[in-house]
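Peer 1: Marked as topological domain 'Mitochondrial intermembrane' by Swiss-Prot: A:1-14, A:88-227. Residues or ranges marked as transmembrane segment in Swiss-Prot: A:15-45, A:60-87. Annotation source Swiss-Prot lists topological domain 'Mitochondrial matrix' at A:46-59, citing similarity to another entry. Per Swiss-Prot, the feature Cu cation A1 binding site maps to A:HIS161, A:CYS196, A:CYS200, A:MET207. What Swiss-Prot lists as Cu cation A2 binding site is A:CYS196, A:GLU198, A:CYS200, A:HIS204. Here Swiss-Prot flags A:GLU198 as Mg(2+) binding site, drawing on similarity to another entry.
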Amino acid sequence: MAHAAQVGLQDATSPIMEELVIFHDHALMIIFLICFLVLYALFLTLTTKLTNTSISDAQEMETIWTILPAIILILIALPSLRILYLTDEINDPSFTIKSIGHQWYWTYEYTDYGGLIFNSYMLPPLFLEPGDLRLLDVDNRVVLPVEAPVRMMITSQDVLHSWTVPSLGLKTDAIPGRLNQTTFTATRPGVYYGQCSEICGANHSFMPIVLELIPLKIFEMGPVFTL
Amino acid sequence: MLDVEAQEPPKGKWSTPPFDPRFPNQNQTRNCYQNFLDYHRCLKTRTRRGKSTQPCEYYFRVYHSLCPSSWVESWNEQIKNGTFAGKI
């Protein structure tokens, strides 16, 4: 989860998020290089005693400062597109879980086998136990196995919502009348937090998402298959 | 309507609707709807011919896994009232 005064992204929990973190660092490196180059050039121009009045038709320089940015943009665009298409990939999912946005809570449906359907409300501050996270913990978490490809079907019953888990690199809009699909494979167990990411009304900030990722063996013993 | 529990797979064997090349996109609305239609078309045809409706279970499983249960409820209600827009 995110912590106070955090700089940068949350630790990755899925291969897609690993890719995104690497891409973020790659883009940031390029931005740093450009920024320092521009600052250095500015510093030189402002501090020099020389005055130039005679250069025109500098074809060589024009060519370089046109081609070079184009190459830099391609170096950013290609890895970006690669990750874009990787996130769309569906790798033969093992589970399908539905997430339905409501004003202002999420409903989860595990209907592959039994018919486990439950609502997930934020814990009101008065009900918090020591150690609980304010505005982030819910009464019923989504329990899912690690190292298994999971397909999330996301939709909404009323207005736009967005189902988000940053450490898995997921953010999918919940749209009424439309069923969106996203897939992920979690790599390590733990509890992961997210928040509704599409402004959806008065309690938009108070409908968090909590994923509890556990080993498959323990998941098999859970209520998804016993209920 | 078929019984879901009767279709539970043996332990350790997972099955969920596989990738469907007709619906390769993020938008799966049509996938859900098409399988719901196919299930009812299958039921109708096979019942009319006096055949077992067992093969229709596949469509049932798929739409049961993909569709939000509220959608299925409202479609079933529409079918009961004769106001369902799809051609079954």
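Note: Cβ is positioned from N, Cα and C throughout, glycine not excepted.
How buried are the listed features, and what sits near them?
Peer 2: Non-local neighbours of the topological domain 'Mitochondrial intermembrane' (A:1-14) in the same chain are 20-21, 24, 133, 136, 166-170, 184-188, 190-193, 213; each lies 6+ residues outside the stretch with a CB under 8 Å from one of its CB atoms.
Counting same-chain residues at least six beyond the ends of the transmembrane segment (A:15-45), those with a Cβ under 8 angstroms from any Cβ of the stretch are 8-9, 72, 75-76, 79-80, 83, 86-87, 166-169, 184-185, 187.
Taking all protein chains in view, 24 other C-beta atoms sit within 10 angstroms of the C-beta of A:CYS196 (Cu cation A1 binding site). When secondary structure is read from DSSP and collapsed to three states, A:CYS196 (Cu cation A1 binding site) falls in the coil class.
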Peer 1: Using the centroid of the Cβ atoms of A:CYS196, A:GLU198, A:CYS200, A:HIS204 as reference, list every other same-chain residue with Cβ within 8 Å of it (recorded Cu cation A2 site), in sequence order.
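Peer 2: Output for this site, in sequence order: A:GLY101, A:TRP104, A:VAL159, A:LEU160, A:HIS161, A:SER162, A:SER197, A:ILE199, A:GLY201, A:MET207.
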Peer 1: Check each residue in the chain of A:HIS161 (Cu cation A1 binding site) that is at least six apart in sequence and keep those whose C-beta is under 8 Å from its C-beta; list them in sequence order.
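Peer 2: The answer is A:GLY101, A:HIS102, A:TRP106, A:ASP173, A:ALA174, A:CYS196, A:GLU198, A:CYS200, A:MET207.
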Peer 1: Which residue counts does DSSP give the topological domain 'Mitochondrial intermembrane' (A:1-14) for helix, strand and coil?
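Peer 2: So the topological domain 'Mitochondrial intermembrane' (A:1-14) is made up of 0 helix, 0 strand, 14 coil.
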